[in-house]
Amino acid sequence: MGHKAGFVALVGRTNVGKSTLLNAILQEKIAITSPKPQTTRNTIRGILTTDEYQVIFVDTPGIHKPKSKLSEFMIEVAKRTLKEVDLILYMIEPDTEVGPGDRYIIEHLKEVDTPVILVVNKIDLVPEKRVEETIKIFKEQYEFKDVVAISAIENKNIDLLKEKIVSLLPEGPKYYLDDYITDQPEKLIVAEIIREKMLHFLEEEVPHGVYVEVESIKEREDKDIIDIEAYIYCEKESHKGIIIGKNGQMLKKIGQSARLDLEEFYGKQVFLDLWVKTRKGWRDNTTLLKKLGYAIDKKTYE
């Protein structure tokens, strides 16, 4: 058998564990993970390379009904991805019925010829019988190429899933150099790490009304330290106070937690300078969304 290479999309309803699975497979923190919905905004590619194969994983936003221009962008990215990849991993939870959200996703799967593996995540949370029942229900809705039950957070059956993925990929050369784990810009990864901490620490409404813009990343010439300056933009003035917190304690907590992840990412000491500003209505500002990379030319993909 020759060398295999291909693109694999992770799709599913919000918070079924797509980003957690991607991070488990790569054993690197590339995709933002949080218990709150719609945490993944960009198609973060994670790249797994061995002597025998290279798999490029595309982590899509959860498919949902759009409520803003940003949401519309997220949906378009997810739909576009289904058409472009070599394989789709459709992730579900073992305690879910085939509700309106799943039917919506399955309808989109039926519109493309891409093979699909059904991945049942979080099997550590329910009895085996319930997992089997869930698989049976979903197999009645769609003809999957294969089915794998996993626990991404406990690393259960991850190697089995990788074997199934590789078996369905086409033969071909590598797309990326061996030491690549993602093709995302450095500033985007840093911004997503900071945003993840806001998702963990802040109230439900606030994190989805913010974006992070990394102004600069500089390595000091005289010391093994990286200086990062970043701005947190929120939609409402009231949110600004929540993000900063009493006596700046919340912003300090966000910064300290992000700094630890950034130091692990860079392998050296990081000095993180965070600022908070208000920018009303940014999620419906088409010009700003394009600047942030949330732009899509629909004609290109029709």
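Positions of Cβ are set from backbone N, Cα and C atoms, glycine also.
Note on Swiss-Prot: of 121-124, 205-208, 253-256, 285-288, the range annotated with the feature region 'G4' is 121-124. Here the domain 'KH type-2' (202-280) has, by DSSP, the following mix of helix, strand and coil residues: 32 helix, 30 strand, 17 coil. Of all Cβ atoms in the protein chains displayed, 18 besides its own lie within 10 Å of the Cβ of ASN15 (GTP binding site). There are 26 other CB atoms within 10 A of the CB of GLY12 (GTP binding site), with all protein chains counted. Taken residue by residue with DSSP, ASN15 (GTP binding site) is part of neither helix nor strand, so it is coil.
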